Amino acid sequence: MGSEDVLKNATTLASYSVLLQVMFRVLTFFMNAFTLRFVSKELIGVVNVRLMLLYSTLVFLSREAFRRACLSEDTVGRTWRQVINLLWLTLPLGCLWGFVLVCVWWWVLQAPDSQIVPHYVPAVVIFCLAALTELLAEPLWVLAQAHMLIRLKVVSESLAMIAKCLVTVTLVVSVPQWGLYIFSAAQCVYAGFLVLCYIAYFLHFLGSEEAKRKSFPLEQMSELLPSRKRLFHKLATLTWSFFKQSLLKQILTEVNNLGSMVPRFLFLPIEESFYVFFAKVLKRGQDIRHQKQEEVFIAANVLECLLKLVLLIGLIITVFGYSYSYLALDIYGGELLSSGTGPTLLRWYSFYVLLLAVNGITECFVFAAMSKEEVDRYNLVMLALSASFLLISYWLTCLFGSVGFILANCCNMALRSLHSFVYIHRYFHHSDHNPLSGLCPHLALMITLTISSILTAFSEYLCFDSGWFLRLAHVAVGAVCLLSVIIVVLLTETRLVQFIRTQLLPKYSKKQT
């Protein structure tokens with residue numbers, strides 16, 4: 001598969017993944033609103049925070065390192081049977097992590113009141129089993145990602161989510177007294193449905209004419225099972241390096257799980273999809289002068305455009321988030337959220353999203369290009385960042401309260417981004433490419449954003465808590481400013497616009513014609 005085809009598939013996967021995440025968020029929002037009529041808000045809180053954190057932590061720690069290592073294209077001499085053998089290790093690793101995390105959730109974390117939230121202890125075990133069930137699909141997921149089987153991911157996750165929602169709604173209406181058992185059963189249905197979708201697809205796909213056209217390396221379902229082939233040593237050691245990194249990342253991302261909504265449904269799908277692109281186009285750990293220059297050129301251009309895209313999204317969120325944080329919180333939760341430090345926290349979080357977006361794309365590229373030795377060295381950097389984050393968090397929280405915690409996250413994300421900038425600069429040092437120029441917006445755009453920031457801030461000052469008519473006027477000012485920013489982007493950021501048109505829009509325009 002040529003680099004242009006890989007890019008096309010990666011952009012398609014990214015756009016569909018964003019749409020999927022939006023759909024999931026909308027479904028979850030309406031499902032929570034519906035279930036609150038039948039169960040307590042405390043029970044919903046335990047599910048969405050405590051149990052889903054257990055689920056996401058278990059699957060992340062069990063599979064993230066394997067995904068990053070096995071999607072790389074530079075491991076010469078490996079076979080897919082060896083890769084599959086390695087991927088099956090996610091299951092015993094998941095069992096080990098499951099035992100540790102269940103013990104933590106039982107005896108370290110404070111259990112909720114059994115009168116308000118019954119069945120907590122068995123629910124923890126069931127959520128753990130659901131996570132282990134999802135790990136059964138890991139070899140199939142990696143095969144699908146590596147060979148860009150985009151429809152499989154989209155359809156399977158959509159059907160699994162719909163099945164989960166149907167089971168939740170049905171049980172909540174019919175047997176609300178089951179409490180956490182309802183959501184445990186729904187999560188098991190989600191995981192089981194996901195695995196069944198992947199199995200059903202590969203039963204149909206393997207040995208078919210489509211598989212032969214794509215030169216798919218496997219022909220029978222039995223080849224997807226563990227075999228006696230030895231593990232590929234280079235791939236195993238790379239996985240171990242990424243495993244140590246994933247452990248540190250989990251500490252920095254889940255313990256201080258700040259506002260996961262925007263990063264997860266918008267930026268995370270882009271990062272995951274283009275990690276596959278960079279991992280397939282670039283040779284891990286190899287000097288840029290010894291790689292195919294056409295693929296280096298494409299990778300540099302894509303990185304530049306992605307940096308520009310997430311930078312502009314982040315700048316827009318920062319600029320308009322400052323002036324509309326109070327209004328958004330007041331509409332969503334009334335005086336309970338809009339009074340006190342709520343708007344200030346959201347304003348600083350808007351800036352944090354900007355740093356998070358840029359860091360996500362730079363690390364996406366860096367992790368796809370680093371050699372095993374470079375990953376090991378970066379793990380030491382992450383260890384130092386983890387220690388500094390704890391110290392800075394304590395210091396800034398003492399000085400500024402809850403705002404200081406967000407500032408500590410901003411400092412941590414800025415330091416991680418700085419390390420990635422240095423790596424990218426060195427990586428392209430012996431070439432004519434400079435993808436970091438994507439971090440330099442056009443002067444006219446920066447002026448427009450600055451004017452928009454001033455106008456919306458002045459508008460908020462005039463319309464602050466002054467009735468709905470003036471609030472609507474404040475919204476209208478923001479809409480005009482946002483439209484102006486978009487127009488300036490279309491006129492000045494022509495390379496980015498061309499990238500979006502050629503890579504993201506053709507599939508939609510074809511459907512319309």
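Glycine residues also receive a Cβ, built from the backbone N, Cα and C atoms like all the rest.
According to TrEMBL, the protein carries these features:
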TRANSMEM  12-31  transmembrane segment
TRANSMEM  43-62  transmembrane segment
TRANSMEM  83-108  transmembrane segment
TRANSMEM  120-142  transmembrane segment
TRANSMEM  154-175  transmembrane segment
TRANSMEM  181-206  transmembrane segment
TRANSMEM  309-329  transmembrane segment
TRANSMEM  349-368  transmembrane segment
TRANSMEM  380-397  transmembrane segment
TRANSMEM  436-456  transmembrane segment
TRANSMEM  468-491  transmembrane segment
Intrachain residues whose Cβ lies under 8 Å of the transmembrane segment (154-175), provided they are six or more past its termini: 16-17, 20, 23-24, 27, 31, 34-35, 38-39, 182-183, 185-187, 189-191, 193-194, 197-198, 201
Residue numbers, six or more beyond the limits of the transmembrane segment (83-108), whose CB comes under 8 Å of its CB atoms: 50, 54, 57-59, 61-63, 66, 69-70, 121, 124-125, 128, 131-132, 135-136, 138-139, 142-143, 223-227, 229, 231-232, 235-236, 239
Within-chain partners of the transmembrane segment (436-456) [C-beta distance under 8 Å, separation at least 6 from its ends]: 303-308, 311-312, 315-316, 319-320, 322-324, 358, 421, 424-425, 474, 477-478, 481-482, 484-485, 488-489, 491-493
Best-contacting stretch, by C-beta pairs under 8 Å, relative to the transmembrane segment (349-368) and drawn from 120-142, 309-329, 380-397: 309-329
Distal contacts, the transmembrane segment (380-397) - CB-CB under 8 A, six or more residues away: 245, 248-249, 251-252, 256, 404-405, 407-409, 411-412, 415-416, 419
For the transmembrane segment (309-329), sequence-distant contacts whose Cβ falls under 8 Å of one of its Cβ atoms, 6 or more beyond its ends: 262, 266-267, 270, 337-338, 342-344, 346-347, 349-351, 353-358, 360-361, 438-439, 441, 445, 449, 452-453, 456-457, 459-460, 464, 471, 474-475, 478, 481-482, 485, 489, 493, 496, 499-500
Cβ-Cβ under 8 Å with the transmembrane segment (468-491): same-chain residues at least 6 beyond its ends: 312, 316, 319-320, 323-324, 327, 442, 444-445, 448-449, 451-452, 455-456, 459-460, 462, 497
